[in-house]
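Here's the structure, in structure tokens; my notes come after.
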């Protein structure tokens, strides 16, 4: 953030000002200018990759799962965690956008840089008071050992009695403060990694717990894939949706609404939806389903996916109407401003915020909750990986659709002049893609088995263990 602030503040690190009507006549940024900007952006990306999956994990780890009261608070943690994030996003999409457009980029970048410095100070000051979990080593190494051992022993027969599989004593786990996981019949190939042989090499013999941890992480991958398509919607909101806003009447009295601030409506909608969901929807559904969360995490994600289909359908119809008005006023060729208020785009932005309250919150909570105790941060990183892949997928689809629709002399769906484009077709394509993805999601969750959660009290845990013993006997 310091580098970004310097890149817009120091004359030596930015191109000279340009008042040319044709942007192509302006002096281009030098190699140094580009190196500083892209270096800052990639550093920011690396830092975000290190902080986001871990901060949310640390936050969830502060709750004692064996304390009924704290466990109840933990069920709402992800709602309020996302609430705080989107509250910051609202500030960025409104105040910061206004400052950058009307005051200057130096202050526009300087404010979040200062805010980040304050955040670091608060984080460091609170560190002595956090509950810390001991490091358990690289999850990738443990998973790799299981996969390699299973492949090397693929011809080995699994014993009928799971007690014959390799596992450490329960006391060993208790001493290290870890959880032991019983063997499950799914993914039997991986189970072979824990079959005892003459070798004790960790790349040939793994504990049942290590095998089950690997199974849990692999079991979530189909759900992860099902979130790629809706993650592309984030890119549409920040690019094409905003670009649509630049073609419309942005005046509200004497004030002109910055197109980028439209994303603020996503945030406002999400904040309101999270509060209503946590305070009302969950309590109403608890009475019907008897589920502490109201509905399951996958059901919550499913509702979000359905809303995504609705978003792109509404966006397609809205764009079709905008294009018809542009055609009526002869604005197709000259790319002029369409005589429609920018607020006709509100429904798609509001729906996006509502979808986030269901899908994005449930996504973080699901991947954290379903990950093994020793791999929580890796599980949380799953939910962030979908955003990165979603952006890459969005770029790929945009360039591919643009190229294909221009072939054989056709005008193309996506042009620089939106009035001559056919974004309504592109949005309809996304609506179909989201629908097909929803069908895939339904197929995936049909075979998904939830990980057994840690009981909310020692008493309940004891009863469950007693019942399991009676069944086995």
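Backbone N, Cα and C atoms are what each Cβ position is placed from, and that goes for glycine too.
Segment annotation: TrEMBL labels transmembrane segment over residues 297-318 (candidates 187-208, 297-318, 319-340). Per TrEMBL, the listed range annotated as transmembrane segment is 257-277 (candidates: 257-277, 341-361, 362-382).
Per TrEMBL, the range carrying the annotation transmembrane segment out of 111-130, 131-150, 151-170, 391-410 is 111-130.
Packing against the transmembrane segment (297-318) from elsewhere in the chain are residues 223, 226-227, 229-230, 233, 236, 241, 344-345, 347-348, 351-352, 354-363, 365-366, 369, 424-425, 427-428, 430-431, 434-435, 437-438, 441-442, 445, 448: each is 6 or more residues past its ends and has a CB under 8 Å from a CB in it.
Long-range Cβ contacts of the transmembrane segment (220-237) within its own chain (Cβ-Cβ under 8 Å, at least 6 residues beyond either end) map to 263, 266, 298, 301, 304-305, 308, 311-312, 315, 349, 352, 355, 359, 363, 366-367, 370-371, 379, 382-383, 385-387, 389-391, 393-395, 397, 430, 433-434, 437, 440-441, 444-445, 448.
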